[in-house]
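Taken straight from Swiss-Prot:
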- Gly23, Ser24, Met25, Phe26, Ser27, Gly28, Lys29, Thr30, Asp95, Glu96, Ala97, Gln98: ATP binding site (BINDING)
- Glu96: active site, proton acceptor (ACT_SITE)
- Cys152, Cys155, Cys184, Cys187: Zn(2+) binding site (BINDING)
Amino acid sequence: MVLFSEDHIQETRRRGRIEVICGSMFSGKTEELIRRMKRAKFARQRVEIFKPAIDTRYSEGDVVSHDSNSISSTPIDSSASILLFTSEIDVVGIDEAQFFDSGLIDVCNQLANNGVRVIIAGLDMDFKGIPFGPMPALCAIADEVSKVHAICVKCGQLASFSHRTVKNDKQVLLGETAQYEPLCRECYQRALQEDREKS
């Protein structure tokens, strides 16, 4: 009888991978990113979290969910800056990835190819329902994509769309609860029609 076999020892070599958490506003993307990063920290992995410097809604230096859960982060202006901070890191978290430049795709590939676990959270579509920034390409290169959903504020179904409730056509309008509402496809189409009729 074998009481101990080295064949069953779990391998600890770092394996890089890219995980994307995407969805609409208020779907829990940042919440899930924070959860995964805290689990990695608890496992004594070396972690670093980044967010776009333009996102100062709740805090300049932390990643903060709409529910006020937070984790310390490094605000950066350019995706290339991520590589300056990650030489001794096991897990990299990136929040609000839709606001980064397209160079983020190469940065994430480079990190994963060098054994780093990369966890990305971001909006997959803007308020017009158009794929947002580098998110479509990040979903394409990801090892795992988790699409999370909010609840439609009109009918209670799963919501995939972020409807802007204020009149502003800029693609980037950092939003809080009063500026956006999550809607299902049917309610989103109805809201767009109502918006067109008002203008």
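Along the chain as shown, residues are numbered 1 onward.
Just so you know, glycine gets a Cβ as well, placed from its N, Cα and C.
Annotated features taken from Swiss-Prot, shown on the structure.
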residue	record	contacts (Cβ under 8 Å, 6+ apart)
Gly23	ATP binding site	Lys29, Leu123, Asp124, Lys147, Val148, His149, Ala150, Ser160
Ser27	ATP binding site	Val148, His149, Ala150, Ala159, Pro182
Ala97	ATP binding site	Val20, Leu104, Ile120, Ala121, Gly122, Gly133, Pro134, Met135, Leu138
Cys152	Zn(2+) binding site	Leu158, Ala159, Pro182, Leu183, Cys184, Cys187
Cys155	Zn(2+) binding site	Cys184, Glu186, Cys187
At the Cα level, what's the spacing in Å between Met25 (ATP binding site) and the residue listed as 'active site, proton acceptor', rounded?
-> 11
Note on Zn(2+): the CB centroid of Cys152, Cys155, Cys184, Cys187 has further same-chain residues inside 8 Å, namely Val153, Lys154, Gly156, Gln157, Ala159, Leu183, Arg185, Glu186, Tyr188
Select one residue from Asp95, Glu96: among these recorded positions, choose the one with the most other Cβ atoms within 10 Å of its Cβ.
-> Asp95
